[in-house]
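Peer 1: Quick paste of what TrEMBL says about this protein:
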type: SIGNAL; residues: 1-33; note: signal peptide
type: DOMAIN; residues: 61-338; note: domain 'CN hydrolase'
type: ACT_SITE; residues: E101; note: active site, proton acceptor
type: ACT_SITE; residues: K199; note: active site, proton donor
type: ACT_SITE; residues: C232; note: active site, nucleophile
Amino acid sequence: VQSRFMVCIMSGASSKLAVFLFGCYSLALGVCAEEHCAADPHRADYYVAAVYEHQAVLSPNPLALTSRKQALELMNQNLDIYEQQVMAAAQKGVQIIVFPEDGIHGFNFTRTSIYPFLDFMPQFIRWNPCLEPHRFSDTEVLQRLSCMARKGEMFLVANLGTKQPCFSSDPGCPRDGRYQFNTNVVFSSNGTLVDRYRKHNLYFEAAFDTPPKVDHVTFDTPFAGTFGVFTCFDILFFDPVVRLLRDSDVKHVVYPTAWMNQLPLLAAIEIQKAFAVAFGVNVLAANIHHPSLGMTGSGVHSPLKSFWYHDMENPGGHLIIAQVAKNPQGLVGTENAVGQMDPSHSKFLKILSGSPHCEKDAQEVHCDENADWNLNTPPVFYSEMMYDNFTLVPAWEKEGYLQVCSNSLCCHLLYKRPTLSKELYALGVFDGLHTVHGTYYIQVCALVKCGGLGFHTCGQEITEASGIFEFHLWGNFSTSYIFPLFLTSGMTLEIPDQLGWENDHYFLRKSGLSSGLVTAALYGRLYERN
């Protein structure tokens, strides 16, 4: 079983018709692990980035009250590790480094118990905490981070807890007279505090407040232009993420996170990669490392390549360093993708031209069937996946065409399998409001490997598979915000051969899997229905 990964995926060619061919090599892109680096910091079209997956030193009792001195003693243990990583990265020519959410102070605090761990955050002004340490009190963490950035001569992004006093005249001011925010800070290479972002979409974080106004934060760098900033659970919501990318010239995102993996659809590296592909941006994602809590998975992702780390077995942090294109090449085509006319794609287009469709009346969903491709209709069944009740059909055959519908969404799968494995795969659909661990509306078409041979095992968390597929997966989505989730055996990221809209349907096409398929899904977000 693979447990540790550092992988490069790179495109070999592309065309205006959004047909993409892929190969893989690392030296030309400069993938770097902790000990080795082939990056050339002088290449004009690339910059050198690092993310650090950190196993935080945690408070033994986060509910207990403690002093500022004791809080700083614990946080300085984590900051010592950060400083070691900054200096290691500096030796490799890194220009920007990202650290994870909760990496300095930890988690599971109450509003009261976290207070000694909070730094004061002044109303935004240009300030260099390393050079002006006495300007504000209770800023020891900011001072250390500033000095790290200055010493390493790199931009530095980190997450910490901050406090800001407020007054009773402020209608949003908490009773204790202060705001407490989950905050990302950005320092320039000379240690100047460039900006801060306060997390908007909190994930059961009783210690923190939602900011009165949404922060849409970008910062400019001399080496790669404009970066956007957000945190963890934000990635699933319109604000600040979609508005930030829609309304600004952001090509790169820094993303501190403390993400608990949830398969088959929301593993950390899976959603990070899907976001990079969906928006055509680079994502520098730093996750916290606590395998016992299901927390691992960091990476430097562009639409056409990824360097990632996922390790559920070994303790300790991990530094990823990679060369990143200043202008990421996108994967999603803007034109109708009518590229290579191999037999499978010709069949896909033929089905689509007379595609079955779904209509929903007051009682039930009616789906017209295309007799040419539904000679042996498999049984429809229901199973829970990610706490949602999916409607599924089994993919039993060596090749076939499947269709399954829910509400207004119909999902389709055209597939071939070189050999049949002793595994159950199923095509599932969900069109509705997700209500567990967050509330948000999704439309999902998913081809998944089930946990066993029984229908009830479809949707269970698995990481290993041997089933090889060549397939087209598509659906009549009601949103343009669709994230392609794609995992193969051993938590390996895959890239579609082709992705985009065709005849009002969004599709994903793939042949030549590197290993057995775990998940291939189109995950649509209907933000307006939350």
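Glycine residues also receive a Cβ, built from the backbone N, Cα and C atoms like all the rest.
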Peer 1: Which residues does E101 (active site, proton acceptor) neighbour through Cβ under 8 Å, counting only same-chain ones at least six apart?
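Peer 2: Result: N159, N182, N184, K199, T231, C232, P256, T257, A258, I288.
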Peer 1: Please report the number of other Cβ atoms within 10 Å of the Cβ of the residue listed as 'active site, proton donor'.
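Peer 2: Its Cβ has 25 other Cβ atoms within 10 Å.
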Peer 1: How many neighbouring Cβ atoms, not counting its own, are there within 10 Å of the Cβ of C232 (active site, nucleophile)?
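Peer 2: Excluding its own Cβ, C232 (active site, nucleophile) sees 26 Cβ atoms within 10 Å.
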